[in-house]
Amino acid sequence: MVDSKLTIADRSFNSRLIMGTGGAGNLAVLEEALIASGTELTTVAIRRVDAEGGTGLLDLLNRLGITPLPNTAGCRGAAEAVLTAQLAREALNTNWIKLEVIADERTLLPDAVELVRAAEQLVDDGFVVLPYTNDDPVLARRLEDAGCAAVMPLGSPIGTGLGITNPHNIEMIVAGAGVPVVLDAGIGTASDAALAMELGCDAVLLATAVTRAGDPAAMAAAMSAAVTAGYLARRAGRIPKRFWAQASSPPR
């Protein structure tokens, strides 16, 4: 049987669903969703942890046995992102960082120039860097060349729920990548997560689609099932698309 574990850098995870924590109504709701998702890796906005003390969220993740993945959400330049990552390493005792460098607050799209600059500095400083990036195969390759442990292209802008608006680009990123590809941002429902895996992504990272769903725990369970289904379908190999019909049973 094919090993279904997700491996990034020197760590392996049984679940290919990575969860975010933003948007949850409260810790009780978040806990139910995290348990239902089966996730083993969950992002934590280090700026929010600093502002709110963070003990409740971090204690929750520790109790559930979930690895926290600090991110640099809200950073607008390489210098700010690097400093935030260094603070996260000191606070959480981890050299893993989800790197986000945002161009503006309206689109929340990555600033490609500052993103690469920050990635290069963090890799040189010994970080395991997982960058949130545009759905640009050239930029993804540039980040891999910089030493990033994975690339995390968006499906569509953060929080939009628009799904994967450019599946061909995601396929090109997958085809050219020598590191894991994690679909990050834009997931709206379970079919989006399944499609990401069918396109060849190694994992899916999502938050809003679960935390702001009508029933977060139920949606988390649906996302987990969708990621598994998409992964299995990709491994199984879909039939080729045809222009004309073809009978499944031969004529007598």
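Just so it is clear, glycine is given a Cβ too, placed from its N, Cα and C backbone atoms.
Features as listed in Swiss-Prot:
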type: ACT_SITE; residues: K98; note: active site, schiff-base intermediate with DXP
type: BINDING; residues: G159, A185, G186, A207, T208; note: 1-deoxy-D-xylulose 5-phosphate binding site
List of residues, in chain order, with Cβ under 8 A from that of A207 (1-deoxy-D-xylulose 5-phosphate binding site) and at least 6 apart: M19, G20, T21, G22, G23, T43
Across all protein chains shown, the one of the binding-site residues G159, G186 with the most other Cβ atoms within 10 Å of its Cβ is G186
Spatial separation of K98 (active site, schiff-base intermediate with DXP) from T208 (1-deoxy-D-xylulose 5-phosphate binding site) - C-alpha basis, Å: 17
Rounded Cα separation (Å) that holds between G159 (1-deoxy-D-xylulose 5-phosphate binding site) and K98 (active site, schiff-base intermediate with DXP): 17
Count the other Cβ atoms sitting within 10 Å of the Cβ of T208 (1-deoxy-D-xylulose 5-phosphate binding site), across every protein chain shown. 19
Using the CB centroid of G159, A185, G186, A207, T208 as the 1-deoxy-D-xylulose 5-phosphate site centre, which other residues of the same chain sit with their CB within 8 A? G20, P157, I158, T160, G161, I187, L206, A209
At the Cα level, what's the spacing in Å between the residue listed as 'active site, schiff-base intermediate with DXP' and G186 (1-deoxy-D-xylulose 5-phosphate binding site), rounded? 17
Counting across all protein chains, other CB atoms within 10 angstroms of the CB of K98 (active site, schiff-base intermediate with DXP) number 28
Chain-internal residues near A185 (1-deoxy-D-xylulose 5-phosphate binding site), provided their CB is under 8 angstroms and they sit 6+ positions away: Y132, L154, G155, S156, P157, I158, G159, L205, L206
According to DSSP, T208 (1-deoxy-D-xylulose 5-phosphate binding site) sits in helix
